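According to Swiss-Prot:
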| type | residues | note |
| --- | --- | --- |
| ACT_SITE | 54 | active site, proton donor |
| SITE | 83 | site 'Lowers pKa of active site Tyr' |
| BINDING | 116 | substrate binding site |
| BINDING | 194-246 | NADP(+) binding site |
C-alpha cells in the first residue's frame, strides 16, 4: 500500500517511480511555473511530469534546479518525465526531439520518456528511437501515453522492449477497466493524467458525500482512489496550498464499499481527445 509521498512503484525493468507527482499541463513559462515545481519539490514531491508540446520544459528545468537547492537533495532523488510530440515521431526525428527536451530542461538524462499520442504509422519508428536512448542509458524508463489495447498490441509486434508505462486519461468518469486489466497482465504500469477531470468532478455529490465521511477534500478522495487502484497519479496545481493538500492522501484508506461507489460513477466520458479519433 502507498503509505507516503515518496513511496514508489517498481516498473517491469526494476526502475522505481514515485506513485505521486506534479503535472504541469497548461502551465505557461514564467515565475508561476518555476515556483510550482520548486514548491512541490520542497514539499516532498519527487516526480515532475512535462511534455514538449506544453512549451514549458525550460521553466520546469529552472524549478527543478531551484527545488533541488532549496530542498537539499540531488538530481538522482527526482523522477522527471517528458514526452515526444506527434510532429516529431520517427526514428531520427524522435532522437532529435529528445535532445531538444533534455537541453531545455537542463538535464543530462530523463527518468521517463513517453510517446505522447499513438499516431498511426509513426509510433513504431519513434519507439525504436526510445529503445536506442534507453539502451544508451539516456533514459531510465520508456513508455507511451494515450495508447489503447490495440495500439499496444500493434506496437509490441515490432518492439524489442515492452513499454514500462502507459499514461492515459483516468478519473471516476473514465475508469478504463479493460485497458487497466490488459496493462496489469502485461506488466505495464498505468499512470493517470487529468485525474481530477480538470476540476469538473470537484462538486460531484457522491464524491462530496464520501469526502465528508473522511474529512477530506473531493480531490484527495479521487487521488486516493487512484492510488488504491494501483495507478500512478500526477495532479496539476500551481497554488502552494493545493500542492500540499493534493499530496495529503497517505493518512487514510478508502473502504472497498467507497471504492465501489466511485467506480460506479464511470460513464466512459473524456475531457481529452479520443485516442482512436484525433487529428493533431
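Each Cβ is built from the backbone N, Cα and C atoms, and glycine gets one as well.
For the pair residue 116 (substrate binding site) and residue 229 (NADP(+) binding site), the Cα-Cα distance reads 23 Å. The Cβ of residue 243 (NADP(+) binding site) has 22, 36, 39, 40, 43, 45, 237 as same-chain neighbours under 8 Å, each 6 or more residues away in sequence. Long-range C-beta contacts of residue 222 (NADP(+) binding site), restricted to its own chain and to partners at least six residues apart, with a cutoff below 8 Å, comprise 171, 172, 195, 196, 201, 207, 262. Cα-Cα distance from residue 194 (NADP(+) binding site) to residue 83 (site 'Lowers pKa of active site Tyr'): 16 Å (rounded to the nearest whole number).
Each of the recorded positions 83, 116, 229, 236 was scored by the other Cβ atoms within 10 Å of its Cβ; the lowest score goes to 229. For residue 208 (NADP(+) binding site), other Cβ atoms within 10 Å of its Cβ number 14.
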